[in-house]
Amino acid sequence: MEALMARGALTGPLRALCLLGCLLSHAAAAPSPIIKFPGDVAPKTDKELAVQYLNTFYGCPKESCNLFVLKDTLKKMQKFFGLPQTGDLDQNTIETMRKPRCGNPDVANYNFFPRKPKWDKNQITYRIIGYTPDLDPETVDDAFARAFQVWSDVTPLRFSRIHDGEADIMINFGRWEHGDGYPFDGKDGLLAHAFAPGTGVGGDSHFDDDELWTLGEGQVVRVKYGNADGEYCKFPFLFNGKEYNSCTDTGRSDGFLWCSTTYNFEKDGKYGFCPHEALFTMGGNAEGQPCKFPFRFQGTSYDSCTTEGRTDGYRWCGTTEDYDRDKKYGFCPETAMSTVGGNSEGAPCVFPFTFLGNKYESCTSAGRSDGKMWCATTANYDDDRKWGFCPDQGYSLFLVAAHEFGHAMGLEHSQDPGALMAPIYTYTKNFRLSQDDIKGIQELYGASPDIDLGTGPTPTLGPVTPEICKQDIVFDGIAQIRGEIFFFKDRFIWRTVTPRDKPMGPLLVATFWPELPEKIDAVYEAPQEEKAVFFAGNEYWIYSASTLERGYPKPLTSLGLPPDVQRVDAAFNWSKNKKTYIFAGDKFWRYNEVKKKMDPGFPKLIADAWNAIPDNLDAVVDLQGGGHSYFFKGAYYLKLENQSLKSVKFGSIKSDWLGC
């Protein structure tokens, strides 16, 4: 059977949307016991994870990676990521090892493969051999083209696509062992890998198709038919008073999945049908014809898509009732409620479904200890035990491809956490190539001649990762969150447990709180609920650990601030009275965390209530159990005694907080 190809044209009659109303109800359920799901991969122990990680990325041989060698190699890994070099498997080290990343080994700041391989020409060809079912081919083509442009914008390299024959860079998707001796590992973990420039497999780039490939912000679903043909689903969307985060068949009697292409379907009425095998197939040789169920394959009748007869795990179906006779087939779309992992081969969720006697009409984490959202792929999990993980934000194909193509140009991994070539995946909404990346690639190929001739885009310096002891940094926010002190500057953070110790970092904010904008104005922790509250512009975000609370961000007005307050300077929860203080300009407000509203009698002037505290603050923090509050502005801070409100110290942030 031929390899996965681009989707064919969609055929089949247009079916009108027939709204029947919401009939589903969710049964409230007590907390479920933790169970073992069939087909679930057991998580590795910390030691198993460390040995595999250090073997793969730092060359520690599995058979001789004993405690002594392990400790030394761990220190190398910790140094690479800016972690305390303890040589121990502490929590921060394990957290870093469990993050999704590239499959190539690590080195240091922009670096090159051994012997610095590079292309000996500037005209580079690429060919897309296969596609992921997660995105339509046009979106995949565009993501790869934009990823190559990241590098052509700053070098003389020019990339052109060919559709036949051998290209310099062959691009494909695969699962587990996929023919190059470097297997992938299922969902999450290793995302992709690429080979250094050269002949044969040189430059080839492979992407793990057990991942959910998106543009970084959830499923990208292009609808067919309806009254919004070719537009994209809007998730979540509102229908009959309920929000939907994926395609649904609610309101239909034919089982076809649909979505709204605007948030409010009831207001706008814009919709289309989501990819589904009953509407169309892609690739294959059936020119987009829908599946025909049941169909016969090798003498067996199939009532749904299958992976039988294939070694790559892709779901397919016959488009006539007898594949053995007609040899007509197509691949089943996997962008509409398709599951990832589990034991259902990508089959879609079925709602409602029964689990341990309770009904669920949406994805749930019930029964799991890792908090991952899942669903059943039949109406009754208890009977059938068929399930899969629900789609999440997925991984940006553009960002991962831009990183891998950096390897295909000759760059290794960078130790700079702000660089595209850093090994750990972090979604960045408004991506810009960093100075570290530009310096590395231009050392190999030089600068783009278009810039010198004035025919290219106006050059702009890429962002530089700040160094807290070498620069005078004014922090955007400082807060104690879950017992650690965090310093925020643009898209970076530094963290420490104790003041005066040099903070660990820089790290990317998006690694911990991915939905935040690239720059915040203020942050504090509400200790009563252990939730972190972030402010940026006229909005605020609330997180439980790294999970954004539903419905956020919200406008500052919903917190009780007046409409003319378009940003805040600082905020902190005061241990003296458990109230939260919000500062903007020369005023401050007091918020009651218990009653969830502003206290009356505010705002007040900072100068009238706080001894020696200036206006336009940068940050405020009250360290737990310390009895003092700290007010930051510019390069200095004021330390106030909480009971007397007396200023007891004026000091330097660098020397007293950053260990410089």
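Yeah, the Cβs are placed from backbone N, Cα and C, and that goes for glycine too.
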Same-site Ca(2+) 1 binder from ASP120, ASP134, ASP136, ASP141, given that Swiss-Prot records ASP209, GLU211: ASP134
Annotated stretch (motif 'Cysteine switch', per Swiss-Prot) among the listed ranges 100-107, 244-251, 436-443: 100-107
Per Swiss-Prot, ASP476, ASP569, ASP618 bind Ca(2+) 4; matching candidate in ASP450, ASP521, ASP656: ASP521
Collapsed DSSP category at HIS407 (Zn(2+) 1 binding site): helix
Arithmetic mean of per-residue pLDDT over the motif 'Cysteine switch' (100-107): 63
Helix-strand-coil residue split for the repeat 'Hemopexin 2' (517-563), DSSP-based: 4 helix, 21 strand, 22 coil
Assigned conformation of ASN642 (N-linked glycosylation site) - DSSP reduced to three states: coil
All-chain count of other Cβ atoms within 10 Å of ASN573 (N-linked glycosylation site): 22
The domain 'Fibronectin type-II 3' (344-392): DSSP-derived helix, strand, coil residue counts: 4 helix, 15 strand, 30 coil
ASN642 (N-linked glycosylation site) to ASN573 (N-linked glycosylation site) - Cα separation in whole Å: 12
